[in-house]
């Protein structure tokens, strides 16, 4: 008969009497003492099937009987079987905490290579067939996920991840439609925008050179197409869209809280308490257990804070390196013999900079995945429970990834072209290379290119790798692990008919999972959520890209979990944990980020100031003409060639001409800021304060307007309590 086994331990075949073999025996003896049944199968490795005694689960049920639970009808229910997910979780906990006579636990033994792996088995049952048919295949891309079935097989934590991902993907449809509408509105003004018309007609506006050597002066109308693209992204519709996305982020979280409450109630998890669960498991495992108390050490917190700041400094340093790369690359491309390079030097520098940034993201993610830098944290923080350790880890890693992903974007959005000085007095790197400048029609296109490159690369290359690497390694493990024919061992007859053997081997060949497998999935989506909300004003297509990505991601994760990876240890959870606070923080950052993009990066404010204070409309009450007429001429300042720095080469044909233009609001005689510069500065600040306060107020109103828990759920819980008390009476 085919018995059910809870867990399988795998070990190499060690020499008789070696230290490893003795340690392995001790551990298995310890399990037998607790009443575990163990079955050994020998192949190229040793496999030990482990089955826990029933009384462990009876204790578990008695300790954690939920008085308000709907299932608790009579005394007999305590003798019912626990769900398989709970069973695996309890066995996993006991295995991880069993101590041998040498005071070693399973993780220590695995580090010393006594055991190679420990995993629960994928079962071939009705439920796996349903999951493979309705969930883990590409044919069901747009169907609803069977969340309850996922919960029955992988436990609440994984099911909640998929419920959340599905919900987020569903709500992205609205954001994607709004983003497309914004781009469509921009496309209608592609050729008709007054500002880009002026740039295209400026045949005799001569601009200062973009680099020191080899660059000649250039005519403003050369950049006609660039200006048109900029005004397609940067127009009034963008402001409305940024406001919409700030509200969308809040509504998404509020609606998710409602969805979560509904799910948690239907799974009977309302009264479930993580601390109580962990204490119960510790007591079942060791009746003499004493709880660990809450502690807080300011000294440790200070060290962690200092380390975190150092880490952020390193990441900002990397962003600086990218800035230097772009300045140097621009200078080199400009001097290049290749016509294509020298003509589009600025765009190519931005593009290659974005690709380099993507590579730093990949490298830093690899650094993050190594336990090295993080191994210190548990020693420093001494988390009380596993989930507390996980939360601390989540916050730090998120901050790390966030700075890795966004430091370069923050520079482009808020510093590019604002800290580079002016002709005759440029800010230089190492006194040699000039920092980049913004295009006369604004910096927002640079941000658009950077966001587009990173998002497209992350979603194509990273996703393909994320699926291919486990698939290839699974195929390789299959090839490596199967011996053609096992030699007859010691003349005993072949026991290949053992039905467990094939199942265990198949599970062993799958890729291993660890505690952070689900964490990595969350992190990827949360970083993507940051891209779809924080600088979305500069890249309205972000929600659409995210939507396409997520539809594929859900099924890719499902296929990975069902077919390419060993079964995850099911964990209970009634929400997505600390990630909810992380998402709320991103929501607030999104309001600040988009406010800053419109106030600082975009040309929206200078154009409005010009319209209402300096334009022909404001001065002579011409209402018939477009009020932004003359804006470009107004936004350029005059520069005398004689004031160039000595090592700027001026091509001879311009020596006679005295006056050139550059983008800034400065006086022609002493290059100090004009009054209009300060007007615009004040308007930017005023807009920023107004936008953020309005958006935050709307967020608060939305949060109040949508209750976190639906009334039906509250009423169900109330009825349950009432019925329970009536029975007691």
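Just so you know, glycine gets a Cβ as well, placed from its N, Cα and C.
Whatever TrEMBL says is automated annotation, not expert-curated.
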Stated TrEMBL location of transmembrane segment, expressed as one of 476-500, 501-525, 576-600: 576-600
Stretch carrying transmembrane segment according to TrEMBL (options 275-301, 302-328, 437-463): 302-328
Of the residue ranges 526-555, 616-645, 646-675, the one that TrEMBL records as transmembrane segment: 526-555
Annotated range (TrEMBL: transmembrane segment) out of 128-157, 158-187: 158-187
Integer average pLDDT (0 to 100) for the domain 'Anoctamin dimerisation' (78-147): 85
Range from 158-187, 237-256, 302-328 with most C-beta pairs under 8 A to the transmembrane segment (576-600): 237-256
Top Cβ-contact partner of the transmembrane segment (302-328) among 158-187, 393-416, 526-555, 681-706 (pairs under 8 Å): 393-416
Folded-back contacts onto the transmembrane segment (237-256), same chain, C-beta under 8 angstroms, at least six residues removed: 164, 167-168, 171, 174-175, 178-179, 181-182, 185-186, 532-533, 536-537, 540, 543, 580, 583-584, 586-587, 590-591, 594-595, 597-598, 602, 604, 691, 694-695, 698-699, 702-703, 706, 708
Tally of DSSP helical, extended and coil residues in the domain 'Anoctamin dimerisation' (78-147): 35 helix, 3 strand, 32 coil
